[in-house]
Amino acid sequence: RSLLQGVIFPAQYTLWAKWAPPLERSRLMNIADAGCTFGTFSALLVAGFICQSLGWPLVFYIFGGVGCAWCLCWFLLVYEDPTSHPWISAGEREYIVASLAHQGSSHGLSLPLGAMAKSLPLWAIAIACFCTDWLFYMLLTSMPTFMSSVLHFDLSENGLLSSLPYIGNGLGHILAGLLADFLLARRVLGKQWNSSWMLLPSIFLVAVPYIGCSSTAAVVLLTLALTIISMTGAGININHIDIAPRYAGFLLGVTNTLGIISGIIAPTAVGLLVSQVIWGHHPQAYPWKKAQLCSHSLLPLH
């Protein structure tokens, strides 16, 4: 299942390169990306309800049925580009085609792999994806354990509070897209965009182990970290299309693979650090400080 779903994001970015006008690209792509966060959050809530009321097998049947229905809608409603869409208005078609005229046509069978390997902008995007996904996957896999074992936070009784970081992450994607397009239209968006949104989450992340046993303060800091880190999507993700619109899908596949690798390494690194026996006044919290500092050192790299 995961192997088959791996083609979704590259295919999505190939479509965006043909459909999204440059000054509307950030908001359109970030709203779509926000669906991943909201979908994960909603699925976890719905799956728990289905398991308790209908039994766990129904989770697979219902979710699988919804996926089939959506796939049918996709085949009926989605088209390769504006020129092949039968229902789009002539004015909208002309607007999109004219705004993307400078990008040229899609690539053929060959890929300039040598030029890609030597591209410094591509390497910058790849490193940024690795660092951003490191934080996201570390919090996704480790935050519940940290909150329950160190903060003694009852996740089952405070489901909404514990889900706030992910709600903030989804809303941050949408806000980032709107803000980026607003600044681009006024030509005030610069290379400092990503750096700003990576530095602040690292500060909030480092502060978490030092706030004591206040679960509310921890949730606030983690929510701020995940919300602000989502703002980088308006820079990192959109840059795939900016630097090589013809190969955006392929480039996204490469950089997303690096991000997934960080999702494998980060939980493993956190587990190794936390499993160490540390003596002191706060034996449970200290290993988490090292894990948070490890992530802090990665985030501002790019």
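Think of each number as a place in line: the chain as shown, counted from 1.
For all residues, glycine too, the Cβ spot is worked out from N, Cα and C.
All TrEMBL annotations are machine predictions without curation.
Source: prediction; values computed, not measured.
Sequence annotations record features per position, and here TrEMBL assigns domain 'Major facilitator superfamily (MFS) profile' to 1-302.
Annotated transmembrane segment per TrEMBL: 28-50 (among others), in sequence order.
What TrEMBL lists as transmembrane segment is 56-79 (among others). Below 8 angstroms of C-beta separation, residues 15, 43, 47, 50, 85-86 of the same chain, each at least six residues beyond the ends of the transmembrane segment (56-79), sit close to that stretch.
Taken from TrEMBL, the feature transmembrane segment applies to 120-140 (among others). Cβ atoms under 8 Å from those of the transmembrane segment (120-140) belong to residues 165, 169, 194, 198, 201-202, 205, 222, 225-226, 229, 232, 235-236, 239-240, 243-244, 251, 254-256, 258-263, 265-267, 270, 291, 295, 298-299, 301-302 of the same chain, restricted to positions at least 6 beyond its ends.
The transmembrane segment annotation in TrEMBL covers 196-212 (among others).
Beyond the transmembrane segment (218-238), the same-chain residues lying 6 or more positions past its ends with a Cβ under 8 Å from any Cβ of the stretch are 13, 25-26, 29-30, 33-34, 37, 125, 128-129, 132, 135-136, 139, 143, 147, 151, 153, 161-162, 164-173, 175-177, 179-180, 193-194, 197-198, 200-201, 204-205, 207-208, 211, 252, 299. If you look up TrEMBL, you'll see 218-238 (among others) marked as transmembrane segment.
What TrEMBL records for 250-279 (among others) is transmembrane segment.
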